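Visitor: My structure is below; once you've seen it, I'll send some questions.
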Amino acid sequence: MEHTISAAQFFAVQFLIRVTMTIALDPSAIAGENPLNMLLSYGLAMVLGAGLAVPVWLLHRQPGVAFGEQARQALGPLEPVVGLFYILYFVAANALSLGAFLELLEKRLHPEFPLFLILAAVVAVAAYGAWRGLETIARAGACLCVLVLVGTALLFGTAAGRFQWENLQPLGDAPALRGAAVFLSRTSLFAEMAVLLPYVRGRRGLGFALWSLGTTVFVAALTLLLAGCLGPYAATQDFPVYTLASLSEVASLQRLEPVFAVLWMAGLLPQVAMGLYACRVCAASLEGKRPTLVTAPAALGMAALGLWDVSSKGVLPAFQDSSLWLTLTLLTGGGVPLVLWLLNKLRRKGARP
């Protein structure tokens, strides 16, 4: 199959996306006053995520069959409905991430030039990567992943000098299931696997397992440092990881807002590009011969919705509702693949003599 990447490349990009999204999350919304509760929530999210991924593995057991072809075999003329649903999901999910990034810039950096120019630059670069293909996204994402890991290791290493065991508290009564739901609601990996897994070669199951393990180790290190360095003070911060970075004695990290803006953007670029490429794959069921034509409209839709998200304060809470996004995650990552697999299995049974 054309435009394939290895499982290592695919899950390295997904690891980068998860790292930057975790840094952007507010731990108090997940873990309450004790950051250590976040580790329990993420561990539970990974267990539930393994179950959520089962329908995707079942759907793509037959190698080389694209997602659109699976939908066509199962639904016939209704196939475009599935493609359109996934396109709308990827546009909205990436718009949410873009809106959160713009909110960071607006609250912390107060740039002297309009936010839409920054947004336009990010979306344009991501759209170019999606237009060039999946391999371009994977190569760029791998380089960015190395840079982010080096920067994160530097941050963790310097902040560890301020770690105090007495700041650690017993695990509180924050519901782990609620925190797991927040983590899963902000995970587009399952929908992207449903659409892009036929383009990933190699040991995909091992890649997913290493992604789960690697992100769990990262979350464990982050939560331990937040709890040990900040204690209950972490729950009072909008961006507690920024506060953690300010404890560093590294001069280049003292001006922490630009550092984290760049770090966030490093994960945002491959995330948006991957979403746009997934839109291209889904558009094959809508346009047939010219699926690349959907890249520009999808990119414009992400930019417009993200800008509207951050500018319309009354819309922001509803658009960021975790229960809404959890429902969409369950549908795109598990529900639709399960239905397609069952319909195709019944169809094959009916075709047997």
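Each residue's number is its place along the chain shown, starting with 1.
Just so you know, glycine gets a Cβ as well, placed from its N, Cα and C.
A quick note: this is a predicted structure, and the numbers were derived from the prediction, not measured.
Dumping what TrEMBL says about this protein:
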| type | residues | note |
| --- | --- | --- |
| TRANSMEM | 40-60 | transmembrane segment |
| TRANSMEM | 81-101 | transmembrane segment |
| TRANSMEM | 113-131 | transmembrane segment |
| TRANSMEM | 143-165 | transmembrane segment |
| TRANSMEM | 177-197 | transmembrane segment |
| TRANSMEM | 209-234 | transmembrane segment |
| TRANSMEM | 259-279 | transmembrane segment |
| TRANSMEM | 291-311 | transmembrane segment |
| TRANSMEM | 323-343 | transmembrane segment |
Visitor: Does the chain bring the transmembrane segment (81-101) near the transmembrane segment (209-234), so that three or more CB pairs sit under 8 Å (pairs 6 or more apart in sequence)?
Guide: no
Visitor: Please check if the transmembrane segment (40-60) comes into contact with the transmembrane segment (143-165), where contact means 3 or more CB pairs closer than 8 Å and the residues in each pair are separated by 6 or more positions.
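Guide: Result for the transmembrane segment (40-60) with the transmembrane segment (143-165) is no.
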Visitor: With a Cβ cut-off under 8 Å, give me the same-chain residues at least six positions beyond the ends of the transmembrane segment (113-131) that come close to it.
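Guide: The answer is 98, 101-102, 105-106, 137, 140, 265, 268-270, 272-274, 276-277, 279-280, 292, 295-296, 299-300, 302-303, 306-307, 310.
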Visitor: Under 8 angstroms, Cβ to Cβ: which one of 177-197, 259-279, 323-343 has the largest number of such pairs with the transmembrane segment (291-311)?
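Guide: If we count Cβ pairs closer than 8 Å to the transmembrane segment (291-311), 259-279 scores highest.
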Visitor: By a Cβ-Cβ criterion of under 8 Å, what residues six or more beyond either terminus of the transmembrane segment (177-197) are in contact with it?
Guide: 10, 14, 17-18, 21, 25, 29-31, 37-38, 40-42, 44-45, 48-49, 52-53, 56, 59-60, 67, 86, 89-90, 93-94, 134, 204, 208, 211, 271, 274-275, 277-278, 281-282, 322-326, 328-330, 332-334, 336-337
